[in-house]
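J.: Quick one: structure below, then a few questions.
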Amino acid sequence: MKTVVFAYHDMGCLGIEALLAAGYEISAIFTHTDNPGEKAFYGSVAHLAAERGIPVYAPDNVNHPLWVERIAQLSPEVIFSFYYRHLICDEILQLAPAGAFNLHGSLLPKYRGRAPLNWVLVNGETETGVTLHRMVKRADAGAIVAQLRVAIAPDDIAITLHHKLCHATRQLLEQTLPAIKHGNILEIAQRENEATCFGRRTPDDSFLEWHKPASVLHNMVRAVADPWPGAFSYVGNQKFTVWSSRVHPHASKAQPGSVISIAPLLIACGDGALEIVTGQAGDGITMQGSQLAQTLGLVQGSRLNSQPACTARRRTRVLILGVNGFIGNHLTERLLREDHYEVYGLDIGSDAISRFLNHPHFHFVEGDISIHSEWIEYHVKKCDVVLPLVAIATPIEYTRNPLRVFELDFEENLRIIRYCVKYRKRIIFPSTSEVYGMCSDKYFDEDHSNLIVGPVNKPRWIYSVSKQLLDRVIWAYGEKEGLQFTLFRPFNWMGPRLDNLNAARIGSSRAITQLILNLVEGSPIKLIDGGKQKRCFTDIRDGIEALYRIIENAGNRCDGEIINIGNPENEASIEELGEMLLASFEKHPLRHHFPPFAGFRVVESSSYYGKGYQDVEHRKPSIRNAHRCLDWEPKIDMQETIDETLDFFLRTVDLTDKPS
């Protein structure tokens, strides 16, 4: 049976050997070049392929059409993936009549994603395993073909558990590969409600936070012990690594991080104490705990810290350009609620952020991004995270002022992106659901949906393509120059402070604000082309919580990701939105101050937006990336959002001239 194999690591070598032993004909092997910054303790797939006389390749992007075509020419009957680190596109998976199968190092559906070996130890699990499953578009989500359980002993560390998983893999493949070859397998669908997903880990994720229980810190040490980079802490500015440890149920009133004793080297934790059995100071040699204490100059009562002393208390500096806007002011409120952020903001007005102007950790300058370029460059260099939220994002402006949309939304933001590249700063960039354009997918997917727009003579698309091109530029900078980025795509966020009624009076606002103005002034609610277009409306609080988690970036899971932020359950047409808003308006305690409802009026889009407008019939997000990267899902019902948004705007109206 002819196969093409994607493989890396020890598991890749085991998979190749098992396939050959089972009589498979391997036409080609795809692997990775070794990362010089990674300690290579595992077998080389490339060396094994060369020794066995099998063609081997390590392309940067195996999903490129040229590679898809070359793989198609090999006519594989079945495809296997053993610890290959990149997702394989559906075009390749569909090439094999018998299907494609992946080996994953956990008991799926638990611990989907990256580094399951380390994560199960971090989380103190007592059991894991290996799973062979059918490959589908979504990572690690296909039907299970075979599983083998592996017990995790209390003294297991990452390398011993790795060896156990290798042994289990050998057994699993010996039992299963002949059955696949003869088409005699039983597949069991994964239970999505039991699925968990974890992102990649980096060495920086393994710092020891002494306020946590000793058992949690011990599990961290086990999870990243040699040959992994190791768990670490600091004495002042001196970094040291803990290679092995023990938990002591030591009852102590000492502050977490305090040295309780030198021999053995015991450190007070949030619960219990951790004995450092072996460790290493800086880039030195490994030594036992009491010698490490001497090397570090520790005495009883010394304090350890999770970060270098000079930076331990510095707040994360967040630069928000467009801080007075809808997203900017709500995000500022969320960040200042915590005690570890310093917010720097620029905007042309300050009405929405006036409540923060006296906050000690909020720094605001009134200005225009097209003029204050030196201020912006200085603060990009100064800050840790940059959010360029300035954009023209109201549909009527796309046809009314297309060049201004391009100049602000594309040209000005490109300059900021290049500052982030220059100073190696993390950028969180607001893409838009508009980039999907007229995509026909039921759910718009960040990684697979096509981005489809209308012809050039429809200037309505200038906003969409400006944002899309910036998405592609940012992605390219990430791939080629190491820019740390996350793209987020809001789907019709709404809530208090979305535009204002004055903007709505000139047509320069989003849908709900325009509808509220119609109710306030007693003018007909205009339904563009009948108002049948469907959108998924998202409460600003849900959206901001997701954005806050992107900024937090737990485990660096958001790096290099595109994340839709929307509520697929809150789908409604513009007509339905208007009806819900009207019902809420009629029940509001301030209703008697406003004129009678003037009814709905159907108007053509060309008469409202002008020549060159096209609309989109539906726009529903897939939020699988938000689940995976943020552990987030929206919670707030659309009716609650409508009620609160309406209430906010009605209470901003001057009622002195209104009838009572």
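Using N, Cα and C of the backbone, Cβ positions are placed for all residues, glycine too.
So Swiss-Prot says this about it:
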- Glu434: active site, proton acceptor (ACT_SITE)
- His86, Leu87, Ile88, Arg114, Val136, Lys137, Arg138, Ala139, Asp140: (6R)-10-formyltetrahydrofolate binding site (BINDING)
- Ala393, Tyr398, 432-433, Arg460, Asn492, 526-535, Tyr613: UDP-alpha-D-glucuronate binding site (BINDING)
- 1-304: region 'Formyltransferase ArnAFT' (REGION)
- 314-660: region 'Dehydrogenase ArnADH' (REGION)
- Asn102: site 'Transition state stabilizer' (SITE)
- Asp140: site 'Raises pKa of active site His' (SITE)
J.: Pop the Cα-Cα gap between Ser433 (UDP-alpha-D-glucuronate binding site) and His86 ((6R)-10-formyltetrahydrofolate binding site) into the table, whole Å please.
T.: 26
J.: By CA-CA distance, flag whichever of Ile88, Val136, Arg138, Asp140 among the binding-site residues is nearest to Ser433 (UDP-alpha-D-glucuronate binding site).
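T.: Ranked by Cα distance from Ser433 (UDP-alpha-D-glucuronate binding site), first place goes to Arg138.
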J.: With (6R)-10-formyltetrahydrofolate as the bound species and His86, Leu87, Ile88, Arg114, Val136, Lys137, Arg138, Ala139, Asp140 as its recorded binding residues, calculate the greatest Cα-Cα distance and give it in Å as a whole number.
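T.: Greatest Cα separation within the listed binding residues comes to 17 Å.
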J.: Here the binding-site residues are Ile88, Val136, Ala393; which one has the lowest number of other Cβ atoms no more than 10 Å from its Cβ?
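T.: Looking at the binding-site residues Ile88, Val136, Ala393, the Cβ with the fewest others within 10 Å is that of Val136.
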J.: Can you give me the Cα-Cα distance between Glu434 (active site, proton acceptor) and Asp140 ((6R)-10-formyltetrahydrofolate binding site) in Å, rounded to a whole number?
T.: 29
J.: Using Ala393 (UDP-alpha-D-glucuronate binding site) as the reference point, find which of the recorded positions Ile88, Asn102, Val136, Arg138, Asp140 has the shortest Cα-to-Cα distance to it.
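T.: Ranked by Cα distance from Ala393 (UDP-alpha-D-glucuronate binding site), first place goes to Arg138.
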J.: What's the most sparsely packed of the recorded positions Asp140, Glu434, Asp529, counting other C-beta atoms within 10 A?
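T.: So among Asp140, Glu434, Asp529, the recorded positions given, the one with the fewest Cβ atoms within 10 Å is Asp529.
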J.: Count the Cβ atoms, other than its own, that fall within 10 Å of the Cβ of His86 ((6R)-10-formyltetrahydrofolate binding site), considering every protein chain shown.
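T.: Excluding its own Cβ, the number within 10 Å is 15.
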J.: Tell me, roughly as an integer, the mean pLDDT over the region 'Dehydrogenase ArnADH' (314-660).
T.: 91
J.: Just checking: which of Asn102, Asp529, Lys532, Arg535 have a Cα that is within 10 Å of the Cα of Asp140 ((6R)-10-formyltetrahydrofolate binding site), counting only these recorded positions?
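T.: Cα filter at 10 Å returns Asn102.
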J.: Pick from Lys532, Arg535: which of these binding-site residues has the biggest number of other Cβ atoms within 10 Å of its Cβ?
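T.: Ranked by Cβ atoms within 10 Å, first place goes to Arg535.
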J.: To the nearest whole angstrom, state the Cα distance for the pair Asn102 (site 'Transition state stabilizer') and Asp529 (UDP-alpha-D-glucuronate binding site).
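T.: Counting only the Cα atoms, the answer is 48 Å.
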